[in-house]
Every structure is written in C-alpha cells, then in structure tokens.
Amino acid sequence: MAEQLLPQALYLSNMRKAVKIRERTPEDIFKPTNGIIYHFKTMHRYTLEMFRTCQFCPQFREIIHKALIDRSVQASLESQKKLNWCREVRKLVALKTNGDGNCLMHAACQYMWGVQDTDLVLRKALCSTLKETDTRNFKFRWQLESLKSQEFVETGLCYDTRNWNDEWDNLVKMASADTPAARSGLQYNSLEEIHIFVLSNILRRPIIVISDKMLRSLESGSNFAPLKVGGIYLPLHWPAQECYRYPIVLGYDSQHFVPLVTLKDSGPELRAVPLVNRDRGRFEDLKVHFLTDPENEMKEKLLKEYLIVMEIPVQGWDHGTTHLINAAKLDEANLPKEINLVDDYFELVQHEYKKWQENSDQARRAAHAQNPLEPSTPQLSLMDIKCETPNCPFFMSVNTQPLCHECSERRQKNQSKLPKLNSKLGPEGLPGVGLGSSNWSPEETAGGPHSAPPTAPSLFLFSETTAMKCRSPGCPFTLNVQHNGFCERCHARQINASHTADPGKCQACLQDVTRTFNGICSTCFKRTTAEPSSSLTSSIPASCHQRSKSDPSQLIQSLTPHSCHRTGNVSPSGCLSQAARTPGDRAGTSKCRKAGCMYFGTPENKGFCTLCFIEYRENKQSVTASEKAGSPAPRFQNNVPCLGRECGTLGSTMFEGYCQKCFIEAQNQRFHEARRTEEQLRSSQHRDMPRTTQVASRLKCARASCKNILACRSEELCMECQHLSQRVGSVAHRGEPTPEEPPKQRCRAPACDHFGNAKCNGYCNECYQFKQMYG
C-alpha cells in the first residue's frame, strides 16, 4: 500500500542527509567560558518550506497529509480562528512531531532543518545554559512575569526568597535530558514559557507561538484554565543586529508543540504571520513575553528591531471597514542542497505517485474483468488534443481521432439515418442528442468506442481541465474532480440547505475568493448586470456538447428546464440540438425570428431557435411580473466602473466608487499620506520651538482670560482689551446693559496657547498663516 510506503517523516527520505545534519548541529554551538549564553553560530538561520500538493489528485493528496501533517492540531487552531484566519498572508501547515515531552525542541528543529531533536542537542544546550551560564537576568524576568500572572494577582500569593529559589531549581531540573521517569508518563518533562524564552536566546532568533487562550476539555469544549504560552518571545539578551530577524513559528494545542511552515510557491499572498489575534469583534496584539517595565513601554520599537514588521490592510468585522494590522515577515526556504530533505521527500512522493497510479489502474481493470457487464470508462485512451468539431470542449481519443467519442458516435448515427432525414423533414423524426444528454447506454457496450458515462467512478487520473460531463442526468456542464464527478451547481445542491454560507466563497460560483460584493465575486456580479440576451446568445453556441463560457451556476436554472422539454406532439427522443441537424433538415425550416441570429427556428418555439426562445420566455415572464407588481424588481443597474486605475471590476458607493480591493489600496495610500503630513507638522513644530519660547518670554496681558502679548511693556492690557474696556465704559455711561463677553475658543492647532477666531476657521492668525503656507 502507498500509505505504508510513504515515509512518515521528512528525514526518512534520505538518512545520509539526516545524519549530516545531526553531525553539523552540535559542532555549530558556541559555548563561551565567560558566562555568556550558549548560542548557534550559523545553523539557526536555516528555514524549511513544504512542497505544494495541489498537483496531485485528492486521494493521493490525502495520503501525503496523513503522513506529514498534524491535522488535529491544525484543525483545532483553525476552528478557534488562531491560525490561517487572514487571507492576505500565506497558509501555514502543521508538521507532525513526537509527543515524548521534548516536542518543543522537536518542533524548533523541524522548522529549521527538517529533523527532530532525537539526539537532544537543543535540550542539552538548554539545560547547560540554565546550569553553567549567568542566569540572573533570566530569573529576574521570570519573577516579573510570574508576579503579573493570574495566579499571583487573583490569589494574593506571596513568595519569599526560598520559595523563588525552589521554583527556579525545579525549572532547571525540568530542562534536564537525563530524567529517568518524567511526569504524565512521558519520556521527558514538559517545558514551560521560560524555556521558550531561553531557547530563543540560544538560537538568537524570535519565536512566535500560536495558541488558544484557554485550556479546553476534549469532550465538551469547556474552559479549564487560561493558557499563557501563546505570544512572541524575543532574544532580548542579544543586540538586535546580532539576531536573525525571521521568526520561528510554532503551534501549541493540547499541550503539544508543532512547527507551522509555509507552502513553497503557494500563491501571491504575503509570506508573513499576523502579530494580532482576531477575537470578539476586535484585533488584539499578541503578548510579548518576559519584558521588563521599561521594555514594555517601548514594545513597538523592540518588535521592529527584532522582527521585520509590515502593515497589512485587512477587512474589519463591520462591512466596508478596513484595518491595518502588524505582521512579521517570514523567511523562505534556504537550506543548502546537501542537507535539504524536502527535495528528497518530494522526489520520493512523485515516484510513489506513479506507482500508485499504475496499481489503481490495474485494480480497476481487474474489477471490470470480473464484471464485464459493468460499463467501463475509456479515459485511458484520451489524448491531450482537442476534438476537431467546432466549439467541442472534449479531447479526441486514440480510437476515434480526430474526433471525441460523442462526436464520432453522432457522425455515425447521422450517416446511417441520412435517407430517413431526407424523406422526413419534421423535427419529430430526428432522434438527435438532447442538450446535455449522453449517447451511452448499457446495451451498446458490445461494439465500438463509447463516450464516458455520466457516472464515471475513476476521475483521479485527470486534471480539472479534462472536459467530462457532470454525473447528474440531464446536466450539460463539466464535472469537477474535487466534487466527486459533479459540477459546481449539482454539488451545491447536495449540500444541506441549512448550511450557513461561507463569507470567503462566492454564493453564485461557489469558488474561494478574497473579496465579494453582496455575496458574489466580481465576475459573477458583472454577469448579473449584463442583459440576458447578450449573456445567453454570446456564451452558448449551438452545439449540444459546448461547455458554456459563463459559470454553470448562472445558466443551469434557465437551461435545465428546457433542455429536454417535451410537448404533446414531440416524442421523448425529440430533444434536438442544433449541431445534430443536417443541411437537409434545415432546408425545411426558416431562420430564427430574432434579428441577427444565425440559427434556425422551429414551429414549437414560435419561430425562435431554442436559445432565443428561452430568452423570449424569460423576458415575457419578467414583463408580466413587473406589470403585476407595479414596479420592476430590484437589480444591479446603473453601476459605474471602479475608480481605480486599470481595474475592470464595478465600483460601489459603499467604497467611495472603488471596488473593495482598490478601496483598501486607496485607504493605505491615504494612511501613508496622513503619516507624512503628521511628520511634516512635527518637524515644523520643532523648527518653531525657539520662536515660541521667545514669544513666551514676552509680557502677556494682565487680564486672566486673555493670552495676548503686550505691544508695550509700560501698559498692562493689550490693545484688544483696551478697546473692549473703552467700549464697555461708554455703554455703561449711556445706561445700557453691559453685554457679556463671549467665551473665547482655543486655537484648533495642537499645543497652541493662542485663541482662534472665525475669520481663520478656528485657528489663530499665526497658525492660520502657517497652514496656508504649508497645507
């Protein structure tokens, strides 16, 4: 069996390379004698990437995943929206690691080199660092982290010096590689957060752990206790310039660590990992562990020094909102060829795939030999050359070239029934092929090649471009190998109607998309805005085997009811395609009533061809419905193209005339422009500091509510207050009531002590002039 032949770990594909890695690893560790922490010299800079598996068929892809990927951890983290929730970055996959208590070291080794820490190189380096080097800084950070933890805060627990020393000694013993019998029946003791922090300093490389916040029950899913493992561990014992800034990404679930690696050349997404969690309608930053109080105040600066931080625009929880989140850039595969195990494993997978295909083919032939009445599929006779029939999407066969199976059968039938067609011109006498129907029948298996039946069981040898019919009876569209022989529409019908729609899928074509508009992708949205006549006449040629250029989910509703429509005077085999008609038959009919249509009409379709008759009926029904309702049904009309440059999608008023993608780009551009403007304002404020201090040293007006500068040192009031007091005095002299002085408003500019006025839009004169000059 291929499942048994496929290695269950990367290092099993080439033991020589695995031995070479295990020999180099301990030699690369530098052990200073002056108390400095043990650390790697060069090998900590390597990174592993998994090969792509989409080129294999789904059945064999399942075998690869069973061999290498820890699907339970991956499914758990993805269901909790901790892993692969951001569509802007590449997907991460969890590789299997041994669960012997040393899984943290196994995961870190696999992320860098593709082998596990079976020789305990990292474990021994961790233990030696805690025993033989100066650990006062580690102990101090651990004590600070413990005092901030929930156990100390909520219980009021207090430790004396002896308690702290005992706890620290216990942590050092847990890191030992010589433990004869660990707790919980494991070979080694499990490690904790402080061990991850020490490991990041040994590797001189940040470690990011993706984990749930709560320890949950495996049966009920209820919360047991808070988890503190997840977060960011920076190698703070080293200057940032001496560290490798691409992090190691690990997953943690059910007390088990796994490496989370990217897929090589998987797509245009960014090779990065978000530094936030998306939880309860907001974005929450990942915790940075073991920071002192001064370091906690400069956390953002530390992240940018030890990581390559980039800002990514993502869609918010509210519709139409965009957020900028921080993400750490990940390294690409850089293992040298002499120690690259992924390439060897990929070559082995390709070899096993060929053997698996041959075995599957032999098993299928043996099953057919045991049951000769069972129809066989002539898929292995297909050639990679299209059929010569115009508009036919199928491929020719070795036995029927230059035609496909169905076109060859149709030609034979037309030639054998040509005299009958000349004598009987009516469409009732033509036993043609119905739209989307198949000529295959079990009685015809004895002679000649046949087309593939709609229930073909073996589809894994073909790519998605191989044109074959959907296995649903009467469906004219092409199957998808990932939908078990059904097309997208028929596969969607089989899904439970109560199943909630996935926001990442188009509701029309059911394809994974990065952005949708009202639940549908841009392609389907443009199709809904087009007129029915243009979409039908341009996308469906007259051949009964023509695969529609439009999406099947848009046309199946209108084509299926009419593909084999029977009337009282039409026989069951009277479903006729235009391609099945002969020149002799067309001589007795007239052109379609629709102007510019190249096909022929029939009396039962009121002079229209089949497609134009479908359009006629739909238009008639829509007109009748609009007359009854009094107003036309709401449609996507009067839409304008997106305002973005060289963008062919439709814009939306919700996105200021842009499509969703261009709106995010525009928002990002505005964000950078606003940041540049803010920096210009700061620089201008620094330039005006001497002048501001000089103005502040001048004498101010004696009135408490006035901040104006005196024009003359001999006076106590400014000119404005003098005029105001004179005006108030004259009014009081005339016996008129004194108007209350209106409260003055501060200048709108930040950090300005002057008062604004209405003429300057709320700014003071100086700030208004500055704003006019510099914008």
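Each residue, glycine too, has its Cβ placed from N, Cα and C.
Residues annotated as region 'TRAF-binding' in Swiss-Prot, with similarity to another entry given as evidence: 58-300. Residues or ranges marked as active site by Swiss-Prot on the basis of similarity to another entry: ASP100. Marked as region 'Interaction with ubiquitin' by Swiss-Prot on the basis of similarity to another entry: 224-227. Feature annotation from Swiss-Prot assigns active site, proton acceptor to HIS256; the stated evidence is similarity to another entry. What Swiss-Prot records for 369-775 is region 'Interaction with TNIP1'. The feature region 'Interaction with RIPK1' is assigned by Swiss-Prot to 386-445. Annotation comment: Swiss-Prot describes 415-455, 567-590 as region 'Disordered'. The Zn(2+) 2 binding site annotation in Swiss-Prot covers CYS470, CYS475, CYS487, CYS490, and the record cites sequence analysis as its basis. Sequence annotations record features per position, and here Swiss-Prot assigns compositional bias 'Polar residues' to 567-580. Annotation source Swiss-Prot lists region 'Sufficient for inhibitory activity of TNF-induced NF-kappa-B activity' at 591-775. Marked as Zn(2+) 6 binding site by Swiss-Prot: CYS701, CYS706, CYS718, CYS721.
Following the DSSP three-state reduction, the secondary structure of the residue listed as 'active site, proton acceptor' is coil. Cβ environment of the residue listed as 'active site': LEU186, GLN187, TYR188 lie under 8 Å away, each six or more residues apart in the same chain. The 10 Å shell around the Cβ of CYS718 (Zn(2+) 6 binding site) contains 21 further Cβ atoms across the protein chains shown. According to DSSP, CYS490 (Zn(2+) 2 binding site) is assigned to a helical segment.
If you compare Cα positions, CYS718 (Zn(2+) 6 binding site) sits closest to HIS256 out of the recorded positions HIS256, CYS487, CYS490. The shortest Cα-Cα distance between CYS721 (Zn(2+) 6 binding site) and any of the recorded positions HIS256, CYS487, CYS490 is the one to HIS256. If you measure from the Cα atom of CYS487 (Zn(2+) 2 binding site) to that of CYS706 (Zn(2+) 6 binding site), you get 79 Å. Across the structure, CYS490 (Zn(2+) 2 binding site) and the residue listed as 'active site, proton acceptor' are spaced 41 Å apart at their Cα atoms. In this view, CYS701 (Zn(2+) 6 binding site) is surrounded by 19 other Cβ atoms within 10 Å of its Cβ, with every protein chain counted. Using a 10 Å Cβ-Cβ cutoff, CYS706 (Zn(2+) 6 binding site) registers 15 neighbours. The binding-site residues in question are CYS487, CYS490, CYS721, and the one with the fewest Cβ neighbours inside 10 Å is CYS721. Taking the Cα atom of each, CYS701 (Zn(2+) 6 binding site) and HIS256 (active site, proton acceptor) are about 72 angstrom apart.
Mapped onto three states, the DSSP output places CYS721 (Zn(2+) 6 binding site) in helix. Across the region 'Interaction with ubiquitin' (224-227), the model assigns an average pLDDT of 62. For the residue listed as 'active site, proton acceptor', other Cβ atoms within 10 Å of its Cβ number 19. In this structure the C-alpha atoms belonging to the residue listed as 'active site, proton acceptor' and CYS706 (Zn(2+) 6 binding site) are separated by 68 Å.
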